[in-house]
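Below you'll find the structure, written out as structure tokens, and then a few comments.
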Amino acid sequence: LSLSLLSLSRSSRRMNEKQRSILLESSARFPPPQGVKLSYGTSGFRADASILQSTVFRVGILVALRSLKTQSVIGLMITASHNKVSDNGVKIADPSGGMLTQEWEPFADAVANSPDSQHLVQLIHEFVKKENIPLEGSQSAEILLGRDTRPSGESLLEAAKQGISSVVGAVANDIGVLTTPQLHWMVRARNKGMKASELDYFDQLSSSFRCLMDLIPQGSAINDMNEKLIVDGANGVGAEKLEILKKMLNGLDIDIRDSGKGVLNEGVGADYVQKEKVAPYGFGSADVGLRCASLDGDADRLVYFSMLSNSNKKIDLVDGDKILSLFALFIQEQLSILNKDEDEKISKYYNACLGVVQTAYANGASTDYLKHLGLEVVFTPTGVKYLHEKAARYDIGIYFEANGHGTILFSEHFLCWLEDRSNELSSTSKGSEQQKAALRLLAVSKLINQAVGDALSGLLLVEATLQHMGWSIRRWSELYHDLPSRQLKVKVLDRTAVVTANAETVVVSPPGIQEAINAETAKYPRARCFIRPSGTEDVIRVYAEATTQEAADSLANSVAQFVDQFLGFGSS
């Protein structure tokens with residue numbers, strides 16, 4: 001026995017030596033760029049594509065370790081989302097289909113910025129020991145790989161594969177060109193033991209969309225909803241995937257523009273439309289008043305708009321806050337129908353907890369509207385990971401940022417109850433309003449991508465909901481009127497000097513600055529203002545809101561001056 005144990009420990013040590021030499025040899029082929037420091041944020045690593053080879057190779061190693069640690073499938077996506085075409089980046093999808101756990105972000109930073117192969121391998125050795133990761137080849141690891149349409153994607157994907165294959169037992173499964181949300185969806189589905197191919201994704205979206213369309217109340221869709229939808233595809237991957245969905249849903253009249261002939265994200269896409277508040281390239285006078293939507297470069301953001309006039313491409317923007325409001329209204333309506341029948345025994349009811357999650361950047365008018373509906377609205381710091389985490393605490397949690405990134409989460413407990421209730425209703429009162437409401441909610445839970453914000457599934461849910469309500473885009477836009485706002489950036493010596501609390505709405509440090517903001521804000525009716533440090537650069541972001549644009553501008557400028565006095569280059 002002692003001999004076999006000895007040989008086992010030797011073989012494991014030899015495996016470790018083998019593993020060490022593989023890592024040293026492969027990482028020597030991907031030296032890090034000089035003088036570049038990268039950090040893993042909400043959007044992963046992003047930079048000019050020309051300097052990312054080493055980073056993506058190293059992230060390949062990291063995802064293999066993550067897969068070994070969790071004994072689950074992990075995703076690696078090559079994309080820079082709404083950034084310009086010369087940029088690229090890498091994002092990691094955790095077993096839930098969500099973003100990489102925050103606990104591993106410091107390791108991601110250390111791995112990316114390690115100066116050479118020796119340091120890198122030592123870092124990995126220490127981390128593997130600390131995390132107790134089985135690295136002797138006894139366990140297998142699987143990583144799903146995807147990329148968007150950027151020309152630099154192919155060579156970066158190859159670097160990721162090299163990183164993955166330098167961990168013994170790790171296998172890279174290249175799915176090809178995908179939207180970011182598709183990859184997240186596939187990772188989630190695989191780890192739940194469900195069908196997880198791209199075709200399965202399209203099947204689930206199209207069948208749940210059809211189900212919602214079949215359940216539209218009689219006489220609902222006779223308004224001016226019959227016009228076609230015009231979609232700006234940002235010259236990215238979302239456009240080609242929407243073409244596939246369009247063929248599967250022959251009842252949907254969609255005109256897809258900016259579908260790849262132009263430059264990715266240049267004068268097109270959700271980020272451009274939402275920030276500039278103008279129509280994208282390729283939209284003209286014939287489109288005035290029509291229902292239009294914009295996807296971003298990797299199809300994880302969605303905004304709607306209608307053109308006001310062609311002279312200056314001005315638009316009426318329907319942003320993430322209004323998409324959230326539409327979904328909240330629809331779900332609240334279905335829940336109230338489901339719990340309507342007072343004759344039933346009370347045990348049939350499930351008082352579902354519906355929550356709405358926003359950041360301080362959500363327009364105050366949207367928050368007032370949602371509260372007026374009687375909904376619970378909570379705030380988190382800026383960043384999808386915070387929103388997603390908070391939304392997961394509800395039976396149904398809805399979150400969106402104004403930029404059009406968001407989704408709806410349904411708890412397993414609530415979905416189990418809903419399935420049972422739906423089956424019960426189909427045998428006792430088939431065709432009743434309650435049964436239809438249960439079926440609608442089940443369809444929404446399958447249509448929406450619960451892993452992450454998804455412009456394609458979000459677009460289909462908006463279309464089904466507008467048809468259900470019988471609403472034009474104008475009627476939807478008039479749910480409430482946004483308060484005018486202004487955002488500014490102030491360059492500072494050290495952004496970490498600003499410490500905030502209460503979901504970034506109050507400055508705790510440095511002392512005195514919050515009092516100055518309060519005094520200035522009090523000069524304007526219905527005004528609010530906050531500052532927060534940027535996550536990526538040495539700037540402080542200022543957000544101000546008031547009843548007129550002049551007041552919002554004036555408040556933002558005054559507060560920007562305070563920031564400069566307290567922290568800017570003037571303060572030194």
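Each position is counted from 1, following the chain as shown.
Positions of Cβ are set from backbone N, Cα and C atoms, glycine also.
Pulled from TrEMBL, these are the features on record:
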| type | residues | note |
| --- | --- | --- |
| ACT_SITE | Ser81 | active site, phosphoserine intermediate |
| BINDING | Ser81, Asp296, Asp298, Asp300 | Mg(2+) binding site |
| BINDING | Glu401, Ala402, Asn403, Arg532, Pro533, Ser534, Gly535, Thr536, Arg541 | substrate binding site |
| DOMAIN | 70-103 | domain 'Alpha-D-phosphohexomutase alpha/beta/alpha' |
| DOMAIN | 131-191 | domain 'Alpha-D-phosphohexomutase alpha/beta/alpha' |
| DOMAIN | 319-471 | domain 'Phosphoacetylglucosamine mutase AMG1' |
| DOMAIN | 502-560 | domain 'Alpha-D-phosphohexomutase C-terminal' |
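Checking each of the binding-site residues Asn403, Pro533, Gly535, Arg541 against Asp298 (Mg(2+) binding site) by C-alpha distance, the shortest gap belongs to Asn403. Distance between Cα atoms for Asn403 (substrate binding site) and Asp296 (Mg(2+) binding site): 10 Å, as a whole number. In sequence order, Thr79, His82, Asp148, Thr179, Thr180, Gly236, Gly238, Ala270, Leu295, Gly297, Ala299, Arg301, Ala455 are the residues of the same chain, not among Ser81, Asp296, Asp298, Asp300, whose CB sits within 8 A of the CB centroid for the Mg(2+) site.
The Cβ neighbour count for Asn403 (substrate binding site), using a 10 Å radius and every protein chain shown, is 20. Proximity of the residue listed as 'active site, phosphoserine intermediate' to non-local residues of its own chain (separation of 6 or more, Cβ distance below 8 Å) is seen for Ser43, Arg46, Gly89, Thr180, Asp296, Gly297, Asp298, Asp300, Arg301, given in sequence order.
Helix, strand and coil content of the domain 'Alpha-D-phosphohexomutase C-terminal' (502-560), in residues and according to DSSP, is 21 helix, 17 strand, 21 coil.
Break the domain 'Alpha-D-phosphohexomutase alpha/beta/alpha' (70-103) down by DSSP state and the numbers are 3 helix, 13 strand, 18 coil.
It is Glu401, among the binding-site residues Asp296, Asp298, Glu401, whose Cβ has the fewest other Cβ atoms within 10 Å in the structure shown. With helix defined as DSSP H, G or I and strand as E or B, the domain 'Alpha-D-phosphohexomutase alpha/beta/alpha' (131-191) counts 26 helix, 15 strand, 20 coil.
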